[in-house]
Amino acid sequence: MKLIILEHYSQASEWAAKYIRNRIIQFNPGPDKYFTMGLPTGSTPLGCYQKLIEYYKNGDLSFKYVKTFNMDEYVGLPREHPESYHSFMWNNFFKHIDIHPENTHILDGNAADLQAECDAFEEKIRAAGGIELFVGGIGPDGHVAFNEPGSSLVSRTRVKTLAMDTILANARFFDGDLAKVPTMALTVGVGTVMDAREVMILITGAHKAFALYKAIEEGVNHMWTVSAFQQHPRTVFVCDEDATLELKVKTVKYFKGLMLVHNKLVDPLYSIKEKEIQKSQAAKKPYSD
């Protein structure tokens, strides 16, 4: 397990974006080899998405051969509704990059058979060869996607009734009117995320410090679903200083001492422009015995 600690939200977002960029480029995706990602919504990943858009616009990164699977979606909210996660992803990320619409997968909260939709989502992930990198965020109570406290740590994609705390927290997105807030959602399970070959969890802000403490310093507990990733062979937690306020001083000191090593994951920072130049130069080399 890696814990990456940066001073500010912007730095944590940039580190995460650099890591994603390097993972995609080093994977060397193509028509017969897609890089498959799991993606979150919410305010935490916005800075990371903005950096990834910047890399694409600068010609350093392409999403042409990337497939994405989103974590969750509200039940009963039209996909064109401004607060649907479909709208969130297209407005904040997908429409700004070169990803093909057919390669983006978001659960349909208006499907006639919701459980069948969840089962089909799991099958699409399997058909894509599994998820290479699942990026996630958490809530202050440590929930991942809509896997709230008490969720099974081996759960799969399913229909979930939302806790009142979640409904109250989400009311700010619906003019403060509880009657407008969806009470159910479709969500990937903790087990679905655990199946990914690598997991990266973004945690920023003092309001999530206790959840990070539970994830790093205490044991695995279904009341804090983020703690499950202690048992994943490749987990990267990326956080800012504010999120570490509940950690022991020696814990913070230990992981900060590893930053020289961990920064080698993003430095050098690769670019598809460099790869294209290398290919061009290789093609121009004269034949020799």
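Placed from the backbone N, Cα and C atoms, the Cβ positions cover glycine too.
Going by Swiss-Prot, these are the annotated features:
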- ASP72: active site, proton acceptor (ACT_SITE)
- ASP141: active site, for ring-opening step (ACT_SITE)
- HIS143: active site, proton acceptor (ACT_SITE)
- GLU148: active site, for ring-opening step (ACT_SITE)
- LYS64: N6-acetyllysine (MOD_RES)
- THR161: phosphothreonine (MOD_RES)
Cβ neighbours within the same chain of the residue listed as 'N6-acetyllysine' - under 8 Å, at least six residues apart: PRO29, ASP98, ILE99, HIS100
Rounded Cα separation (Å) that holds between HIS143 (active site, proton acceptor) and ASP72 (active site, proton acceptor): 12
Rounded to the nearest Å - Cα separation of GLU148 (active site, for ring-opening step) and ASP141 (active site, for ring-opening step): 8
Integer Å distance between the CA atoms belonging to ASP72 (active site, proton acceptor) and ASP141 (active site, for ring-opening step): 17
Nonlocal residues around ASP72 (active site, proton acceptor), in sequence order (Cβ under 8 Å, 6 or more apart): THR41, TYR85, LEU107, ALA145, PHE146, ALA185, LEU186, THR187, VAL188
Residues that sit under 8 angstroms from THR161 (phosphothreonine) by C-beta distance, when 6+ apart in the chain: THR183, MET184
